[in-house]
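Listed features, source Swiss-Prot:
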- Arg20, Glu77, Lys117, Lys436: (6S)-5-formyl-5,6,7,8-tetrahydrofolate binding site (BINDING)
- 224-229, 243-249, 268-271: GTP binding site (BINDING)
- Ser228, Thr249: Mg(2+) binding site (BINDING)
- 214-360: domain 'TrmE-type G' (DOMAIN)
Amino acid sequence: MDTIFAVSSGLLPSGVAVIRLSGPHVINIVKALCGHLPKARLMHYGNLTARDGSFLDSALTVFFPAPHSFTGEDCAEFHLHGSKAVVNRFLDELSTFDGCRSAEAGEFSRRAFMEGKLDLIQAESLADLIEAETESQRRLAVMGTSGRLTTLYRDWRNRLIKARAFIEAELDFSDEADVSDLISDKVWEDVEELCISIRDHIAQGERANILRDGLKIVIAGAPNSGKSSIMNRLAGKSVAIVMEEAGTTRDALEIRLVLGGLPVFLTDTAGLRETENKIEQLGIEIAKQHIVDADLVILVYDMGNPKEVNLPETSAEIWHVGNKLDLYEEENKKTWTIQFSALTGLNFDYFIKELESFCLRRVSEIGNLFPARKRQLQLLKEAIREIEASINYRSLDLSLHAEHLRCASVFLGKITGDIDVEDLLDIIFSEFCIGK
């Protein structure tokens, strides 16, 4: 097997650049560059020298002998000055060693998986942790790397294997009455409890999609109610055209924000009204589709001239908010639970706090343990289908019951990587950056 290397510390130039090395030739390479092998897991400062005797850099080196390393192989890290020239010269020197090459994306983590240092859930969560942009995404990733999900799924899988073993025992000893009683008393009760637990877990996973994929918030309302001004105020910059002429927004405009620690996709839509303009009609149809798909619809009214609009059927929460608070005298305006001026910012802080509270409320509806990725969720759904098939058709031959439970246990094993998932590995580890 080759020894691999990569810059694992990010873009250059930087204060420090960390070069990671893993594989069977690490010890010889470190000795050649440092002049000796540093003590394991202790940072060593000294000069690094090329094999032709030329000076490379003054650096910190740390050696991690197998199996006590990230990959489970011999590993080393070199902490160099973060100059492009220094790093490129050092990488060139590493490439001169036989069997030593630049790592592919995610190759260090893939080796850690192959050596049993990570399971598949932990590997996916590690990639998510590196990509996390919000606090909710960070917590989601940490949950996966902790191993708690793996423990849960392996426990469920072991319960299915045990149930299947009891069923096969009845097949082998069908003339033994005590064995038959054991099946009816133990197996189905436990399988039904397991089925309920997995169903609840799947429901949690459906709700938890917002942590990874974000909430969809749509700004809707009649033309010229100030929707684009709200968009610009929330974005903190001008992203939507604001004009006195009604109907200037013809398409949906989407931006990404972070509210209450959640990623939020905020969409400004065309004003809803009857029109003969074909282009505007198309924009209104697009707006209606966004409303259908939304988690929250902010229905905006001009407080001095509120116009009702027809919304499509949607499961989203709908807020009726009044805009242009600065333009109208108290006696000439309708009162709204949420009212502000997007143009001047009057009372807009309250609106933002309400949005953050909405996001936090959605997070609070999610439990502490749930599938972190759609791949995991899909395999759980496949497993539950097999379990339900076994439970709902008690008249099935016992061998078919056993087969349904076997298939369910295979799906659970694929989540953690305990069952062969070779076809998935290239996809999963390609998501990693070089050097991880």
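Any Cβ shown, glycine's included, is placed from N, Cα and C.
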The domain 'TrmE-type G' (214-360) - residue tally per DSSP class, helix then strand then coil: 41 helix, 37 strand, 69 coil
Least surrounded among the binding-site residues, given as Arg20, Lys117, when other CB atoms within 10 Å are counted: Lys117
Nearest-integer angstrom distance between the alpha carbons (Cα) of Lys117 ((6S)-5-formyl-5,6,7,8-tetrahydrofolate binding site) and Ala270 (GTP binding site): 52
Rounded Cα separation (Å) that holds between Ala270 (GTP binding site) and Glu77 ((6S)-5-formyl-5,6,7,8-tetrahydrofolate binding site): 54
In three-state DSSP terms, the structure that Glu77 ((6S)-5-formyl-5,6,7,8-tetrahydrofolate binding site) belongs to: strand
Among Asn224, Ser228 [binding-site residues], residue with fewest other Cβ within 10 Å: Asn224
Distance, Arg20 ((6S)-5-formyl-5,6,7,8-tetrahydrofolate binding site) to Asn224 (GTP binding site) (CA atoms, angstrom): 57
